[in-house]
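Report on one structure; see the data block that follows.
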Amino acid sequence: APPPVGDQAGGRKVDCFKYNTKGSAFACTRHERPVCGTDHRTYSNECMFCMLTQNKGFGVRILQDNECDIECTQYSDMCTMEYLPLCGSDGKNYSNKCLFCNAVMGSRGALFLAKHGQCQSP
């Protein structure tokens, strides 16, 4: 599905000020409404997303309302050679999730999953 109007392909920006009611502290509820950040990490709700990404120093956005298709919370610098290709938003093919997640972390949240499988060749 195409992204909603007003959203960029790289996810939607969140107005985190609405959760930051106590100056520098966030007042988040335990309400489960998962969102997926462009860093490919699932956050339990939008407020937790704001709280946990505020100090990352780069513009992590919400990629989708729901859990991430590809979760990059647990990944290794050393990747196996398994071949389960993923197509990145940069048009490059990544041989597996580990290599894709390393590229996501290297891009500081700018890279996201375009689709499972290989990118279309020109």
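Numbers here mean position along the shown chain, with the first residue as 1.
Glycine is no exception: its Cβ is also placed from the backbone N, Cα and C atoms.
Features as listed in Swiss-Prot:
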type     : residues     : note
DOMAIN   : 10-70        : domain 'Kazal-like 1'
DISULFID : Cys16-Cys50  : disulfide bond
DISULFID : Cys28-Cys47  : disulfide bond
DISULFID : Cys36-Cys68  : disulfide bond
DOMAIN   : 71-121       : domain 'Kazal-like 2'
DISULFID : Cys72-Cys101 : disulfide bond
DISULFID : Cys79-Cys98  : disulfide bond
DISULFID : Cys87-Cys119 : disulfide bond
Could you find out if DSSP has Cys87 (disulfide bond) as helix, strand or coil?
strand
Average model confidence [pLDDT] within the domain 'Kazal-like 1' (10-70):
85
By the DSSP assignment reduced to helix, strand and coil, which category contains Cys36 (disulfide bond)?
strand
Going by Cα-Cα distance, which of the disulfide-bonded residues (Cys87, Cys98, Cys101) sits nearest to Cys28 (disulfide bond)?
Cys101
Considering the disulfide-bonded residues Cys50, Cys72, Cys101, which residue's Cβ sits among the greatest number of other Cβ atoms within 10 Å?
Cys101
For Cys36 (disulfide bond) and Cys87 (disulfide bond), determine the Cα separation and express it in whole Å.
18
What does DSSP give as the helix, strand and coil breakdown of the domain 'Kazal-like 2' (71-121)?
10 helix, 9 strand, 32 coil
List of residues, in chain order, with Cβ under 8 A from that of Cys98 (disulfide bond) and at least 6 apart:
Tyr75, Ser76, Cys79, Thr80
Quiz question: given the disulfide-bonded residues Cys16, Cys47, Cys79, Cys87, Cys119, which has the greatest number of C-beta atoms lying within 10 angstroms of its own C-beta?
Cys47
What kind of secondary structure is Cys16 (disulfide bond) part of, going by DSSP in three states?
helix
Of all the disulfide-bonded residues given, namely Cys16, Cys68, Cys72, Cys87, Cys101, which is spatially nearest to Cys47 (disulfide bond) at the Cα level?
Cys16
